[in-house]
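Q: Quick one: this structure, given as structure tokens, is what I'll be asking you about.
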Amino acid sequence: MKTEFLSINDIFFLVKIGFKYVLALFNGFYLIKIVSYPNEHSIITNKMIYIGIGILLKIILIIIYWIYFMDIYILKKNCNKKFFGNIYCNSNKIIDNNISTTIIESDDFEYKKLIKKFFLKKMYYSLKKGHKIVKLYMLKIYNSDFNCYFCNTRDILYAIIWYISLYYWRRDEYNILWSFNKIPIYIYNILLILLSSSYIDLVMIIISYNKSKYHMMKSKLLIDVFFSSPSAFFFSRHFFVLENGIDIYFLMGFLRIIKVFLNVSYAKTEQSYILTNTEIKVIRIILGVLLLCNAFASTLYTIQGIHPYNIDNHDLYYILNNYLDYFYFSIISISTVGYGDIIPTNKLSRVICIFFIFWTFIWVPIQFNDLIISIFCKKETYGKLSMNNQKLILLIGDIQPEQLNTFFFESVAYGNKLKFHILTTYPINLYEEQIKIADNYCISIYIKNFDLNEKHNTNLLYSVNAQNAYYMFLFSNKFNNGHYNIDTKSFTRLLILAKFLHGEKKNAVIELRNKCVSNIVKSIGCEHFAIVNLKHSLIVKNLVCPGFITFLSNLFTAYNYNENPYYFNNSKYLHSFNFIAEFNKGSIAKIFSFAAHDNMIGLNFDKLFYKLYESLGILLIGIESSHINNNHFVYSNKKRLNFFFENVGRSMIKGNGIRDRTRKTGKIGGHKKFKFKLVYLCFLKRYIHSLSRDNCDNTQMITILNCKKNNSKMNKLNKKFYLKEIPNLLEMLNNHVHLTNKSNLSTPTWNNGIKESYKEKNIKSYHYIIDTNNINVAYKNNIPEKGKKDRGGIYIGNKHTNDTCARTNESHKNNRLRSRRSQNGKPYLGILKNCNNELFHTKKMNNYYESYRNNSNINEISIPNKRNGKPKCYLNLLGKNYFMKENDKCIVLANSKKVINYLSKAKSLFWLFEINSTKMDKVTYDLKSIIKTKQYFNKIPTSNLVKNIPIMPHMKNKSIISKHDSKIIPMDYYDLFNAYKSFRVFPQINYGITKNMLRVSYKENFNNDINNNRSIGDRSNSNSFSKLGMDKSTLSLTKFSNENSHMDSNSNDNYTVNYEHSDQAFFKGCVNWGGCNNGNTNIRENAQNEVYSINDVMNSVIKMEADKYTFEVNLNDTILVENDYNVLQKNNIKNFASIKKSNKNSNNNNKCEQIKQLNNNLTFKKNEKKTKSNKQNTNDTLERRKNGVAYSYLDACQKYFAHSAKNKKLLLLINYASNIIQLVKLINKTCKYNIIILTSEISSINIHHIYNVAFIKCKTMDDYSLLNAGLLQAEYILILPTEVNDINEINEIDMNNIILTRKITYLLKKKKKNYFINNIITELINPTNIIFLEENNMIKMTEKKSSYSDFFPYINSTQFYSSNIISETMLYNFMAHHKSFTKFPVSNSTLKCLIKDINIIYVCELRKYSDFSFKKIKTFRDLFFFLSKKCIIAIALYRKGDKYVPFYIYTKPCENCLIRFDDIVYVL
């Protein structure tokens, strides 16, 4: 039972504390008592003044150290309990504010809770708390390096004062005491100052005795205790009987010489940046022996030396001779020579001789042993461990020297004094160059050669102080990176590290070579980098966005570019100075993130964006947040039926011609209205580009409810439209548009973007689930207009989804609907055969239906979303009405100095948000015509342009239109504008069908439909399209024309095209909704009796050899249909017929005749196909077992690329790597290329039929081999390094690639007039080898040390300012940068967003045309402001230089940089 009285332990603790403080006061009392002895030279007052000066000097130095150097936990007395509670809640992510939280204090301040009703207990615990704080302060200060340097300096000064005082010592015989009466007063005053400062050190030792027990037993501390005031008073009063007590410090001054020797013997040498470890050991031995002999001589001189009173004229000469004799005697005695000319005169001298000789015998051999070991033994360690609180970075695994350079560079560039502990499997001599770099740049390192994976010994981690690591990095071996066991080793090291930390959260990053164990690593809670996938993503992104590698390396590398001196040694580089200087000026901007300040919380993102930019030149590009957005945007419209369609249509087609034309017909209800809606929805599908599967998220739905319809007329407009934004802010949406019946689904048809279902009759209600992500992408490459209203005065509520906002934390694999789709985006066959309600009525969909059934008057549909605690990256929130919240982090592009000087201080931004800045005058820009043209061009597919648009002269080798890619390359805006004006008529034609249109379709059970009196041409009466599919073996193609509205029924010239089964594994077909003009159609025949489309705007029928044709299908513009021939045969599907829209006066009999003729052709070709199928299947089976090997580029085109599109670009890959399949897969996923691999070895894996790849084998990479492989026809050339089996092969392989790069550069310049050096992508292993890529001469490293140019030269240090050079080592900037080297780190999701989700806008040659004017927009700043008004953030310019600086990146929009008309603007 607790009582109010103290226990025995408490009383003992109070006594111990009291004794410490009394002992400290006791020392001060005797210091005053010593100086208060009668002295004729000074008075007590003067002595007290000098003592006060010494104490004050020590206190000032402690305060300076406390302010600038000490980092310790301070418990403030006036701290608010609520403040600490909030901190604890935030750290543990506790949302409920009602939960009472307990303050968890540091281990240094753990004490029992105060019991308020017991007064003595309260007083005791308050005293104990205060004492622990004082003790912690004293211990921290005493053990610091700052105090050590001060004490050593004081000891040296003490020794100098003692040697000066020897001149004034007097005595006639050695058996009497020395007289110190002739010592001047200034020596006494200096001695008093030194004694008073040492008194403070002794007080710190006394108070922090328990924590400094390791320092108490040292010999240096024993000397300090002997020189304390009580011991000095005791020896001076009772042992030596001195008149002046302070004279004892002169008499025993030789002990200070011994302390100086001890300081040198055990001094720290880990931070020596001038000498090597061996040199330091040699110097320590020499200096130690000299100091030891000097201490021996000083002790003997004090014991048996004499200096008579009568020698006054030659005092200095006499004292020097006398002291030199004793120094000579000490050397003779220590070396055991013993000449006998000088001998000890008394017993005390003999005892001193024995003591020093033994001391020498022990100390000198130990030092020589360490020296021999360091010279001759194999080095397993280098450097010394960091025992203080310096920031420690631990690197574990197979770290290469170049990777270590990256970490060194980041540390030096940010000015951080970091200590690196390296636990590596490589020998230490491999890091000789890195050790020199560390010595030159004052980087403290410790290297140990040991593999953590061998013995699984966690004690090894204790030996390198892993428990004190600020950040930890684990590396994998890059050699033989195709094997699985490499990541297994790294994963095993991670498990050992996790076991060592005992669940404690540490900042750890692991490098992986593949994604085999990435999910397991993620479950452990460790951040990981799949370095190979990151490299492949950069390469593929650079194919679409030129200069992207250089741009991203500028943002993530702390490199301050300077004009390299070797550029101006030759006069030919002088004219490139402007380009180099502009690049250096624009490359200052780096990417940072900082916590939102209190003044920023609650501000709109747009307002904060303009405030930071206008005042500080800081570009805010996004936020990192873990909050749930509580802003719900709910819109309803009860009056207008086609609210959704009008908004989407107007965003895509100017004027909404379809809606106006439908109004003019006067038939809004009934079959006509529903047919319009249905056809219009399919029309929208054709022009809405879907996002990739990696960016899918089910977050936003538009739900249209209660759509009732009769057979003839539609009921009143009683629909409700809801636009719902669920809590996760602006997440990427699922690229599906679903149209599903509320009741049973029947005869579904899979579409690329839409799911349609019909009931036979009496369809009363429909349930539309339309994913707005499809609309989102339609805006993707456009410039939206903020706050624009449609013609009906309805605000377009989904404008907030216009810009690209990325989130990469959630995977599409959780989407059950998406998991049913194949990898290439096409549906599986089983989906077409077995499509039922379960496909869409998943668990999440059932929640929507239940909420609808339970509440008919529902206004909002809540979609549950699990909270994810990890920070998410949101880019470009302009126009989203996002308000800054607490704990948000702002992602900015800025100069590091601005971020540190302004954003890291609490009160520096007060004026920025409190004072209203003057608004700039609104300026009207003439660029609106360009923006509108760009909008409508992107919204209308490029494949619908009838005339071929010419391109710029330097882009002649590039195709303007890529049907499998939504990206648009630089183009001629003048012809684009003319095409746009002529294309304004497009919406007035029936749903996008122009004159010459290729129609392919079929009808199931056509005779049954005739018996039921249903016309296939009249969609208003047709509600049953059972299934759409294409025969893989044979396809009937018909050509329709609007020129002659007549069909010759007697004509036998109905041609079909055989699409053989052996040509391709499956058939890609195109079925378009819509119809032709009124009347019958005529089948046209060309001169060669071949049927194909001329200037076809929807499909391309491409002529190939042997009268074979294929479709080139735009996946975004067509309905992909595929089915098995056997399935169609079972369903009696043998007829292919055209689906044509006709008016009411059309004749159904003509349609029947057309279909009969087509069926006859189909039957004939079907029989012909059976005779050839067996032979073709046998040959096809044999060919598939072989890989695609060709002898030349032309041979590859004939054999393997014959069925691909003519406008497909060629990608030439040189050298074969083990992970090249992953790269090819990623390239084909993003941009479709015909790929030729030029290599000396052929892969055993057949990848031709999957990725359209052909191999060309060659022994040497000579000029003929390169030209034969299609070098001149290649759009991009990618040079990969060959397999590296040993680290010594790195430079050899890099040199081969560098020579090959220069050879390709020479060939392209010789053969091509318009040559882009940026189209060559070279991957190097060692980034420092890039200095040899200089075109005309090798670069010699400058003797003068420039700022980092020699240290880290791989980024843009040569004339290849923007050449596509990439290295795995360069990617370690993303691993190191913003993790442990800066106070403003960026999360890993931001990096992924920048690599995968960035888009570009091209601005080319606008000054040549009168339609566009840049009178108001002249600089990058003007263009930045104009685009920001359109919710677009411009972040960089990619521009052309001259012959020596071909291309470079400019990333500083705050400067008045004049824009040029051939610049490419990077935007978010």
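Glycine residues also receive a Cβ, built from the backbone N, Cα and C atoms like all the rest.
If you look up Swiss-Prot, you'll see 1141-1185 marked as coiled coil. Feature annotation from Swiss-Prot assigns compositional bias 'Basic residues' to 814-823. Positions annotated as intramembrane segment by Swiss-Prot: 326-344. Taken from Swiss-Prot, the feature region 'Disordered' applies to 804-823. Summarising the annotation, Swiss-Prot assigns transmembrane segment to 48-68, 146-165, 185-209, 221-240, 246-264, 285-306, 351-368 and lists sequence analysis as the type of evidence.
Explain the structural surroundings of these features, please.
A: Looking only at the coiled coil (1141-1185), the predicted model's pLDDT averages out at 57.
Residues 31-32, 35, 137, 141, 144, 146-147, 150, 189, 192-197, 199-201 of the same chain lie 6 or more positions beyond the ends of the transmembrane segment (48-68) yet place their CB under 8 Å from a CB of it.
Nonlocal intrachain contacts for the transmembrane segment (146-165), taken as residues 6+ away from its ends with a CB within less than 8 angstroms of a stretch CB, comprise 61, 65, 69, 180, 183, 187, 190-191, 194, 197-198, 201, 250, 253-254, 256-257, 259-260, 263.
Panel annotation: around the transmembrane segment (185-209), residues 20-21, 23-24, 27-28, 31, 35, 41-42, 46-47, 50-55, 57-59, 62, 134-136, 138-139, 141-142, 147, 151, 154, 157-158, 161, 164-165, 215-216, 221, 224-225, 227-229, 246, 249 of the same chain, lying at least six beyond its termini, place a Cβ under 8 Å from a Cβ of the stretch.
Remote same-chain partners of the transmembrane segment (221-240), defined as residues 6 or more beyond its termini with a Cβ less than 8 Å from a stretch Cβ, comprise 26-31, 33-34, 177, 195, 198-199, 201-202, 205, 215, 246-249, 251-252, 255-256, 258-259.
Here the transmembrane segment (285-306) has long-range neighbours at 166, 171-174, 178, 251, 253-254, 257-258, 260-261, 264-265, 322-323, 326-327, 329-331, 333-334, 344-346, 348-349, 352-353, 356, 359-360, 363-364, 367-368, 371, meaning same-chain residues at least 6 beyond its ends whose C-beta is under 8 angstroms from one of its own.
Distant neighbours of the transmembrane segment (351-368): 265, 281, 284-285, 288-289, 292, 295-296, 299-300, 303, 330, 333-334, 336, 344; these residues of the same chain sit at least 6 beyond its ends, with a Cβ under 8 Å from one of its Cβ atoms.
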